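Features as listed in Swiss-Prot:
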- Lys148, Glu185, Phe186, Asp194, Arg218, Ala219, Asn220: ATP binding site (BINDING)
- Asp255, Glu267: Mg(2+) 1 binding site (BINDING)
- Asp255, Glu267: Mn(2+) 1 binding site (BINDING)
- Glu267, Asn269: Mg(2+) 2 binding site (BINDING)
- Glu267, Asn269: Mn(2+) 2 binding site (BINDING)
- 112-294: domain 'ATP-grasp' (DOMAIN)
Amino acid sequence: MKLLMLCREPRLYSCQRLKEAAENSGHQMDILDPNRCLLKLSENSPHFELIYQATMEHEPSRLLNYDAVIPRFGSQSTKMGCAVLRHFEAQNIPCLNSATAFLQARDKWQSLQMLMAQGIAIPHSLLAGPEFQAPSTMQYVQSPTILKTLSGAQGIGVILAEKRQSAVSILETLKQADVSVLAQEFIEEANGADLRCFVIGERVVASMQRISQNGEFRANFHRGGLAEKVSLSEAEKTMAVKATKALGLDVAGVDLIRAKRGTLVLEVNASPGLEMIEKTSGIDIALQMIVHLEKKYQALQNVTKTIELRSHK
């Protein structure tokens, strides 16, 4: 297959591993920055065109004939990245996470609503409108409080407010900056640890426990967190797969936290990093992603052939 990966930083570990796994499996892979793409729609054939400008100095070139797409763009490229994904989806080219699913996962409040609608346990959470006063908001959540911007990854945009007044001040400041924030209960008994489950299709293929360090409450790799192998219960594996399905994702990093009342889903990541979890688990996740994409491509080919056969009868 000729594969396309949408990624702004091709030198990142995850992108390099996926390219390596694809090429070792006999595929060709291009890596393109979605922000350097021009999408063209035309009544004339071809109806969907992708034109790419590698640098400011390069002449734009038309790109054709990709068989499947892997999205790996960050939160700052979500809008254009999803527009490129839809361009391929409209041509029945399989994508390893659809644009719709990507957008749902990237909106933290919407994803929590969708998880709750499927009966999946999450921390108590609040989202107040811009005219709802911050002191009144804090009447409905206990301190300490976690405050999260509605988008962001790698622990960025997540704040721990130890006291009620601190939370009020932060909410008021962010409101002035026109930044929407959700408030969430702090799971103190987790002691700065959470679980990352890497889901592909209907299986948890790898997992790890992340542990915060040096007084930092966030356990993310990019915040200095450490990782260790962990055994998940069958209920936790089922929860991770159910959360992935709830958002319509093929591939996801599902973050769980063990609370006194049971395990909860913190959030679902549509473009989870590979480095920390591959090195901790010893599992070749990149290869499993390529294998899953091969199966998705073949399934779509079979459906297309069936439709063509029926149309000729």
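Placement of Cβ uses the backbone N, Cα and C atoms for every residue, glycine included.
Locations of recorded Swiss-Prot features on the structure.
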{"residue": "Lys148", "record": "ATP binding site", "CB count, 10 Å": "23"}
{"residue": "Glu185", "record": "ATP binding site", "CB count, 10 Å": "18"}
{"residue": "Phe186", "record": "ATP binding site", "CB count, 10 Å": "17"}
{"residue": "Asp194", "record": "ATP binding site", "CB count, 10 Å": "22"}
{"residue": "Asp255", "record": "Mg(2+) 1 binding site", "CB count, 10 Å": "21"}
{"residue": "Glu267", "record": "Mg(2+) 1 binding site", "CB count, 10 Å": "22"}
{"residue": "Asn269", "record": "Mg(2+) 2 binding site", "CB count, 10 Å": "20"}
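Here the C-alpha separation of Phe186 (ATP binding site) and Asp255 (Mg(2+) 1 binding site) works out to 15 Å. On the backbone, the CA of Asn269 (Mg(2+) 2 binding site) and the CA of Asp255 (Mg(2+) 1 binding site) stand 8 Å apart.
Here Asp255 (Mg(2+) 1 binding site) is positioned 15 angstrom away from Lys148 (ATP binding site), judged by their C-alpha atoms. Rounded to a whole number, the distance between the Cα atoms of Glu267 (Mg(2+) 1 binding site) and Glu185 (ATP binding site) is 14 Å. Mean pLDDT for the domain 'ATP-grasp' (112-294) in this predicted model: 91. Annotation note: Phe186 (ATP binding site) sits in a coil segment as assigned by DSSP.
Put simply, Asp255 (Mg(2+) 1 binding site) is 7 Å from Asp194 (ATP binding site) when counted between their Cα atoms.
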